[in-house]
Amino acid sequence: MRCPFCAAEETKVVDSRLAADGYQIRRRRECTSCKERFTTFESAELVVPYVIKNNGNRVPSDANKLRVSLSRALEKRPVSADDLEKAISKIIIQLQSTGEREVPSKLVGSLAMDALKQLDKVAYIRFASVYLSFDDIEEFTKEIEKLRE
């Protein structure tokens, strides 16, 4: 791998360890020419399926859109950014593991709701109220009762 500092072609791996719950390898490298050190991450390249929207449109999976949606539900809740990123990674891995080239948006929403249910019940209700299009307080109450079971 080329050195990002001096563009020399020779670098050596100084340290390797697992990262991202074992789905990546983090490597510390050292340039043999300039002796600068830098970090690289290695992961399997898996195809993330397209999402089929309710209107039939097909769009690429978008981790940032998922991050924004989950972050909005988790706003001012005691959930770390690291836990959020782990949840997003888990959802993406679940989508990849379907082996499908296209998945319905309902699957993405369902996986997001499952993740939020594990992270924070209040965030789950916030997300569900939008995702399930709650019209009145009764629908909130029913969903809260499901959580209590």
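Glycine residues also receive a Cβ, built from the backbone N, Cα and C atoms like all the rest.
Per Swiss-Prot, the stretch carrying the note zinc finger among 3-34, 67-98 is 3-34. Per-class residue totals from DSSP over the zinc finger (3-34), listed helix then strand then coil: 3 helix, 17 strand, 12 coil.
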